Amino acid sequence: MVKAVAVVRGDSNVKGTVIFEQESESAPTTITYDISGNDPNAKRGFHIHTFGDNTNGCTSAGPHFNPHGTTHGDRTAEVRHVGDLGNIETDAQGNAKGTVTDNLVKLIGPESVIGRTVVVHAGTDDLGKGGNEESLKTGNAGPRPACGVIGISQ
């Protein structure tokens, strides 16, 4: 079992943790998130970006992690970036908590996300269905108010 965590924060009120767990390279990865400080009753883009570099804030994390060179899509879509985790949904207080299981996100092997950055976006991810070029790259999810580098944990 490999475990990893990202402590998410930035130049906003958005903060929280994202925990990753994977049993083996062929097993799916469980992703558990607990994020606060978002707008209430909102959907916010949630992605793994390529770099673990946050020297200039979350913009230094680069584009979505996309080792297969595909277009952007929903977490459950057949064609998507590895880093496309869709949207998190907030409650009336702006908190988002949940767990998803993902077959593309890996902690083990050459496409590991360890050392990369999780980003919570300021807008809703259109899941690649926005009808423009940017939608196929970013889902038009907007600015990056909070992020955290994924690191190995106990």
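Each Cβ is built from the backbone N, Cα and C atoms, and glycine gets one as well.
Under the heading Cu cation binding site, Swiss-Prot lists H47, H49, H64, H121. With a cut-off of 8 Å between CB atoms and residues at least 6 apart in sequence, the same chain places H47, I48, H49, T50, H72, H81, V82, G83, D84, K137, T138 near H64 (Cu cation binding site), listed in sequence order.
Marked as disulfide bond by Swiss-Prot: C58-C147. According to DSSP, C58 (disulfide bond) is assigned to a strand segment.
Swiss-Prot lists 125-144 with the feature region 'Disordered'. Away from its own ends, the region 'Disordered' (125-144) comes close to residues 10, 43-47, 57-59, 61, 63-64, 71-74, 77, 80, 84, 86-87, 119 of its chain (Cβ-Cβ under 8 Å, at least six residues beyond either end).
For the compositional bias 'Basic and acidic residues' (125-136), the number of residues in each DSSP class (helix H, G, I; strand E, B; coil) is 2 helix, 0 strand, 10 coil. Residues annotated as compositional bias 'Basic and acidic residues' in Swiss-Prot: 125-136.
Close to R144 (substrate binding site) in the fold, though at least 6 residues off in sequence, lie G10, G57, C58, T59, A61, V119, V120, H121, A122, each with a CB less than 8 Å from its CB. Swiss-Prot lists R144 with the feature substrate binding site.
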Secondary-structure category, per DSSP, in which H49 (Cu cation binding site) falls: strand
Cβ neighbours within the same chain of C147 (disulfide bond) - under 8 Å, at least six residues apart: A6, V8, R9, G10, H49, N54, G57, C58, A61, T117, V118, V119, V120
